[in-house]
Structures are given as structure tokens and as C-alpha cells.
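Q: Handing you a structure now.
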Amino acid sequence: MRVNGYRGAKVGAVDTTSPPEVPASARLQRLAPMLLVVSILARLAWTYLVPNGANFVDLHVYVGGADALDGPGALYDYVYADQTPDFPLPFTYPPFAAIVFYPLHLLPFGVVAFIWQIGIIAALYGVVRVSQRLMGLQSQRRVAMLWTALGIWTEPLRSTFDYGQVNVVLVLAVLCAVSTTRWWLSGLLVGLAAGIKLTPAVAGLYFLGARRWAAVACSAAVFFATVGVSWLVVGAQARRYFTELLGDADRIGPIGTSFNQSWRGGISRILGHDAGFGPLVLIGIGITAVLALLAWRAIGGAQDRLGGILVVSLFGLVLSPISWTHHWVWLIPLMMWLLHGPLSALRGARILGWGWLALTLLGVPWLLSFAQPTIWEIGRPWYLAWAGLVYIVATLATLGWIAFSRKGSG
């Protein structure tokens, strides 16, 4: 046909009967509830149907240590060795943890283990939801289900389930402390978390950087209150922990195993002996501290609350003498922040986010553990030693990217 002297193109018939194509992300979100249920059932099946699916050794320590409170002077003499003959596991936590866990020893262990697993899943979902809230994405419940379903199979969560660890609950407590503006609630949550396990105390750096002085003071007061309660309940054992055992990394576990993803662990594997806090370890910590400070400033500190606590937590993980893979639960909110947060549109964010996801789903430190004859042997071939820096190097890359990505985008 001609219109004003021009020949128009033929227009084909428009199909109005076929439904529009649904994006893959939307299809996944529709399936989110089912995928979450399948993931949970698969995890429970792994625990109960696969030989050695989970040994709950740390949960045994929690329960056994709590039970030891009934025997005077026995808390820090207690060890669990039924499934770990090469390393009898002592109770390495503050005495307040034994008081908190005390009711657990009144129940059959099988019941405790099942409830514990459900609690881990609920806490993981809580971590995801609070992370979303901190990014202003609280309406995305189905996305939260997907992250929970996927997170169950990342290495930090796999080892949490295997050992029956408590770290997911502690991460949730710190995130809730960051998300609330109530100074007393922030202080209460951080203080209690640090009273159960010392590692959450690093969150105090976030509140110092955010100049939330009341929260800092309250968290310190609550922590010392847990010490006081412990002193009243277990007396000499509390004194023994805080004057003799605190800081004894050898008592916590083998420094050189690939599961220890801290600077001290990584440098020790390269040197072939425990590096302690020697020059190389201090240099590594110093470099990380500088990158963390630059990253903190780049995101405006506590203006990005999730980004801020992630920067602090990454620094704390490599600073600690021992950071087992189950300590790295912080990688779940980190991946969410990289892929959905305020910097997600910048070049490199998706590479880091998907890169962390690949590392944690593969479980690189776990794979490397098969190449070490025992957990106590520190020395190993150079390529395995350097490969054992995987989380540390990825942390440096992440902090460096946060520190300089905005400049690069400008």
C-alpha cells in the first residue's frame, strides 16, 4: 500500500492469544516457596539419611558444657571426643554461653539437634530479611525465600549445620542491632552476643564509627553484666576463663587447617608453622585495616548501614586468629548487598557477588581439606598453601573494590 507516495511495509498479524513471556527471575520468584521447602527437606534428608551427614560436634560441646555446670569446677575441663578422637573438643566459649545453653541438656539430644536445625533455617531467613530491610527492599519476601533456599547450601551454612553451630543467630543479633535506632536495644543485642561468643564484639567498631556512643556504652555494660552473672554462677571457672584461657588459640583448634580462613591461618600454611601474630600476619592485617577504612569512607560509613557492618565484619574475620568457615555467615548478606545494594549497578559488583557465591557453593576450603593428611599438619605444597588464602584474597578484593569503585565509575 502507498501512503503519500511511500510504499509501507507489510504488517503481519499480531498474536493476542499467547501469554507474554515471563522473565526467568519472575518464574523463580513464583516457585520460591516450593524451592525453599525442597531445600529444607533436602538439608534434613542429608542430615538423617546420608552417612556422616552431620555430626553436631559443636552442639555436643554446647550441651555437654552446660551439663558440666552441675559438676563443680568441671566446665573448662570438659571435652567432647566421641566423634573427634584426633582433637577432643573443649568448651572454648565464655561461661555465660554455658548458662544460656543450660536448658538444652535437659532434653534428649536428638530433639535438641532437630530443633537446632530448624532454628538455623529460621535465623538464616531472618538474616536475609533484615539485610533486605537495611537495603530498603523489605517487600521482596519471595526473593528472601530464594536466598534462604540457596544460602542453606553455601559453605558457611553447610558447616553450621554439620557442626550445629550458633553463628547464624549471632549474625542475626548484630544485624538487628544495626537496624534499630534504639541505643539500648543495639547495646543489649551486641553485648549478649559477645557474652555468648566473643567474635560479635567486633561490631563495636561499627557503632564507634557511626558515633553511636550510647549503644557502645550499653553494649560494653551488657557484656560486663554477662561476665558478672557468670562469676556469680560458676565462680572460679569464670575467673579461669578470663585470666588463663582467653586468647589461647591452640585450645580453640588447629591453626593451619584449611578451614581457618584468617590471616594467621593463611600465613601459617605458607610458612609451614604457626605464624602467631608475627610480622607477615601483622602486615596482612594492616593492609586489610587500611582497605576497610577506605571502604568505610567510600560508602559514607554508617549512611549505608548494611555496607558499614559488612566492612567491619570482613575485617574482623581476617583479624581473628581463627575464623572457621562457619564464622563466614556474613558472606550471605555480603552477596545480597553486592547484587542488590546501592553499589550493585557499578562495574565489578556482579562479578564479586557471583564470584563469592561460586566460592561458597563449591566450598573451596572444604575441598582443600581433602589434601591435608590431618587437621594438625600445617605444612603443605606451595600451591595448596596459596590456594588456602581464597577467602582472604577475596576479602581484600571486595574491600578494595568498595574503596575505589565510586572513583572508577566517575
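In case you wondered, yes, glycine gets a Cβ from its N, Cα and C as well.
Heads up, here are the entries from Swiss-Prot:
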TRANSMEM  31-51  transmembrane segment
TRANSMEM  96-116  transmembrane segment
TRANSMEM  160-180  transmembrane segment
TRANSMEM  188-208  transmembrane segment
TRANSMEM  214-234  transmembrane segment
TRANSMEM  276-296  transmembrane segment
TRANSMEM  306-326  transmembrane segment
TRANSMEM  328-348  transmembrane segment
TRANSMEM  351-371  transmembrane segment
TRANSMEM  384-404  transmembrane segment
Q: Report, as numbers and ranges, which residues of the same chain sit near the transmembrane segment (351-371): CB under 8 Å and 6 or more residues beyond its ends.
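A: 150, 153-156, 158-159, 257-259, 261, 325, 328, 331, 334-335, 338-339, 344, 380, 384, 387-388, 390-391, 394, 397-398, 401.
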Q: The transmembrane segment (384-404) and the transmembrane segment (96-116): do they have three or more Cβ pairs under 8 Å, with pairs 6 or more apart in sequence?
A: no
Q: Where else in the chain does the transmembrane segment (384-404) make close Cβ contacts, counting only residues six or more beyond its ends and a cut-off under 8 Å?
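A: For the transmembrane segment (384-404), the list is 258, 261-263, 265-266, 269-270, 272, 284, 287-288, 291-292, 294-295, 297-299, 307, 311, 314-315, 317-318, 325, 328, 334, 338, 343, 348-349, 352, 355-356, 359, 364-365, 368, 371-372.
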